[in-house]
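Novice: Residues annotated as domain 'Chromo' in TrEMBL: 37-95. Summarising the annotation, TrEMBL assigns domain 'Pre-SET' to 179-237. The Zn(2+) 2 binding site feature in TrEMBL is assigned to CYS181, CYS192, CYS219, CYS223. The feature Zn(2+) 1 binding site is assigned by TrEMBL to CYS181, CYS183, CYS186, CYS191. Residues or ranges marked as Zn(2+) 3 binding site in TrEMBL: CYS186, CYS219, CYS225, CYS229. Residues or ranges marked as domain 'SET' in TrEMBL: 240-363. Under the heading Zn(2+) 4 binding site, TrEMBL lists CYS323, CYS389, CYS391, CYS396. What TrEMBL lists as domain 'Post-SET' is 385-401.
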Amino acid sequence: AWYVPCLASLETLQELCRKENLTCKSIGITNRSLKSYEVEYLCDYKVEEGKAYYLVKWKGWPESSNTWEPAKHLNCPLLLQNFLRDKNEYLSRGRGSKATKVRNHVKTLKPAIADYIVKKAKQRIALQRWKEELNRKKNHKAMILVENTVDLEGPPLDFYYINEYKPAPGINVLNGITTGCECADCPAEKCCPKEAGFILAYNKRKKLKIQPGLPIYECNSYCRCGPDCPNRIVQKGTPYSLCIFRTNNGRGWGVKTLQKIKTNSFVMEYVGEVITSEEAERRGQLYDNQGNTYLFDLDYDSDEFTVDAARYGNVSHFVNHSCDPNLQVFNVFIDNLDLRLPRIALFSTRTIKAGEELTFDYQMKGSIDLTSDSAEGLSPSKRRIRTVCKCGAVCCRGYLN
């Protein structure tokens, strides 16, 4: 099903909840905020007759209900800290002076500074809500964080988090499996990879041991082995806490790891809508005009299907390109042995430090036709316009195609 973003503002929804006496945790309306005044964020600052006042936005009330409150009456240290940090951030960028003196010995912030502080407060709330939504929808234990210390960009308005492929009508991404291995202790003589004619992809430490280009066959839902089987890695989901963050060099959103990742470790799966190549070509032409495309060709065995992560995807939706990447693409088969429909897994090519950005090469085998506000390019086979690469790697090719 397709979804339409809600056109009502957060303030409008909160006000409706208050009028109807309804709680809604996802937009910050609780029994507490219905029954009492709770500070949502601070909008402005002034000094009058020697006393400091803050303009308060009350949770669940429209902005027309904002009131000036003495600083000594406020019990919201974190919000005060955010207010001061946002003010200093604006000033450090040379956009104004600290304060403006007006008549009657009143000191106030310049309107531009107050406007910036309000926008940052609203952004902070929106990103927090988005983080909570992502963590509600994910099916793995690791956390997803969101961070933007660069600009005023908020969550994408037309992106929906999914954990697995979303097939278009007529496409079956779960077929071909009727039996599983009988191993009591995988891998054995007739374990899934050997039955498919390949070696087990993982070593005893559950790290990848095969070369790029070779497929991964994991044990499936019919197999006798349990969840601790060493041949069940990709199907368990992302094992690392990751952060979707705003890059500071014009590449939009990116993804960084919050934990150290060892070489040859599974990091994440690339998911989206599974569509036919014909539909991908049609969408690609539309996306070119929008500059917003995420088309990944499933070309392990044929070019019949494509994964489109433009509207539906997971954290991998935000991973940027690099000519010197730290992630590598592998084709994976678990509950579907159809060679036209592999799952796409990203494994680390080297040790990745905590805080380091995750990247992969869009021109790798299983290359991707992918542009976005954060990404910069398309695969050579589909690219219509040459796009400059901004990865910054020493070996940068200059262009993505």
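Each residue, glycine too, has its Cβ placed from N, Cα and C.
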Novice: Select the closest residue to CYS183 (Zn(2+) 1 binding site) from the following binding-site residues, measuring between CA atoms: CYS225, CYS323, CYS391, CYS396.
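Specialist: Minimum Cα distance from CYS183 (Zn(2+) 1 binding site) across CYS225, CYS323, CYS391, CYS396 lands on CYS225.
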Novice: May I have the list of same-chain residues other than CYS181, CYS192, CYS219, CYS223 whose Cβ is within 8 Å of the Cβ centroid of the recorded Zn(2+) 2 site, in sequence order?
Specialist: GLY180, CYS183, CYS186, CYS191, GLU218, ASN220, TYR222, ARG224, CYS225, CYS229, ASN231
Novice: Take the domain 'Pre-SET' (179-237) and average the pLDDT across it for me.
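Specialist: The answer is 93, the mean pLDDT of the model over that range.
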Novice: DSSP says what for the domain 'Pre-SET' (179-237): how many helix, strand, coil residues?
Specialist: 7 helix, 4 strand, 48 coil
Novice: Whole-number Å distance between the CA of CYS191 (Zn(2+) 1 binding site) and the CA of CYS181 (Zn(2+) 2 binding site)?
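Specialist: Counting only the Cα atoms, the answer is 5 Å.
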Novice: Restricting to the same chain and to sequence separations of six or more, state which residues have a Cβ under 8 Å from that of CYS186 (Zn(2+) 1 binding site).
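Specialist: Counting only residues 6 or more apart in sequence, the Cβ neighbours of CYS186 (Zn(2+) 1 binding site) under 8 Å are LEU200, CYS219, CYS223, CYS225, CYS229, PRO230, ASN231.
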Novice: Take the domain 'Chromo' (37-95) and count its residues per DSSP category (helix H/G/I, strand E/B, coil), listing them in that order.
Specialist: 22 helix, 22 strand, 15 coil
Novice: With every protein chain in view, how many other Cβ atoms are within 10 Å of the Cβ of CYS223 (Zn(2+) 2 binding site)?
Specialist: 21
Novice: For the domain 'SET' (240-363), how many residues does DSSP put in helix, in strand and in coil?
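Specialist: Taking the domain 'SET' (240-363) as a whole: 18 helix, 51 strand, 55 coil.
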Novice: Measuring CB to CB from CYS396 (Zn(2+) 4 binding site), give everything in the same chain under 8 Å that is also at least six residues away in sequence.
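Specialist: Those within reach of CYS396 (Zn(2+) 4 binding site), by Cβ under 8 Å and sequence separation of 6 or more, are CYS323, ASP324, CYS389.
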